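Colleague: Feature annotation from TrEMBL assigns region 'Disordered' to 1-57. Taken from TrEMBL, the feature compositional bias 'Polar residues' covers 1-17. The domain 'Ion transport' feature in TrEMBL is assigned to 99-247. Marked as transmembrane segment by TrEMBL: 101-119, 131-158, 170-189, 223-246.
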Amino acid sequence: AELTPSSSVGLHPSTSMAARRRSTVREMVEDPAGPFGQSSRIGSAAASAAGDPDAEDDDVPPCLMCLPPHKAPALQHDSLFILPGENSGRIFVYNLVKHRFFEAAVIAVIAANSIVLVFDDPTQPNDEGWVVALDIVFAVIFTIEMLLKVVAFGFVAHAHSYLRDPWNRLDFAIVLLAWLAFVPGFGNYSGLRVLRVLRPLRSMNAVKGLKVLVTALLQSFRGLVPVLILAAIVMSVFAIVGVQLWEGA
C-alpha cells in the first residue's frame, strides 16, 4: 500500500520521513505552479525591489500600446513629474525599450561603433571627416536611447528610475563624454579621445547575460582578497629566493 503522512504514524521514524519526502516530491511534480513557481515569482519581485529597471517584468505585452500583464514598478511613479504610468505615450516607450528587437538594435549599434573606433589614429591631431560624422551619428543614437529610457523609467526621483541603476549611470556618463568631445576646446584633448574606448562597455548593459557575469565577478572580489594576499606572499618569497641565488648571474 502507498505510504501517506497519515498512514505513516507508528512506523519507524526513517520510514515516515521517507514517505513524507515522496509525498512532497509528488506534489511538486503534479503542481507546476507550486513552490517552484512561487519561488520564481518571489525572486522576480526581489530583483524589481532592488531597483534594476531591466528586472522588473519579463511579461511581454500583446502590443506596444498595451499595459504589461503585471504593472511594472517603474510605471507606478510619474516620469519627470509629468508623465503618469497610465499615459499611452509612456506605455508605448516602455514597451519599446523592453522589446527584444530594441535591445538587438542597440547591440548592433554598439558593435558598429566599436568597429569605427578601430580606425581612430591617436597620432593624428584630428580624425578623418567620415569618422567624425559617424561619431556624431552614434552619439545621437545613444542619446535617443537614453532619453527613451528616461521617459520610460523616470530620471532619478524614484527607486526604479533610470539613474538608480549603476549600469545606466555608466551609460549616462559615456553619452555625456561623447558629446563633450565635440565641444570646442575640449575635443582635441587626447584624454577625451581615449575615453571613447569606453563606449563598448555599454554592451554590458545591453546583454543581460554579460551583466550577470560581470556582477558576479565584482561580487566575488571580496572573497578573493585572502587568496590574492596569499599569492602575493608566495610570489614574494620565491622572488627573494631567486634574487639571492642568482644575483649577478
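Each residue, glycine too, has its Cβ placed from N, Cα and C.
Curation does not apply to TrEMBL; its annotations are automatic.
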Colleague: DSSP says what for the domain 'Ion transport' (99-247): how many helix, strand, coil residues?
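Modeller: Secondary-structure composition of the domain 'Ion transport' (99-247): 117 helix, 0 strand, 32 coil.
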Colleague: Over the domain 'Ion transport' (99-247), what is the model's average pLDDT?
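Modeller: Across the domain 'Ion transport' (99-247), the average pLDDT comes out at 82.
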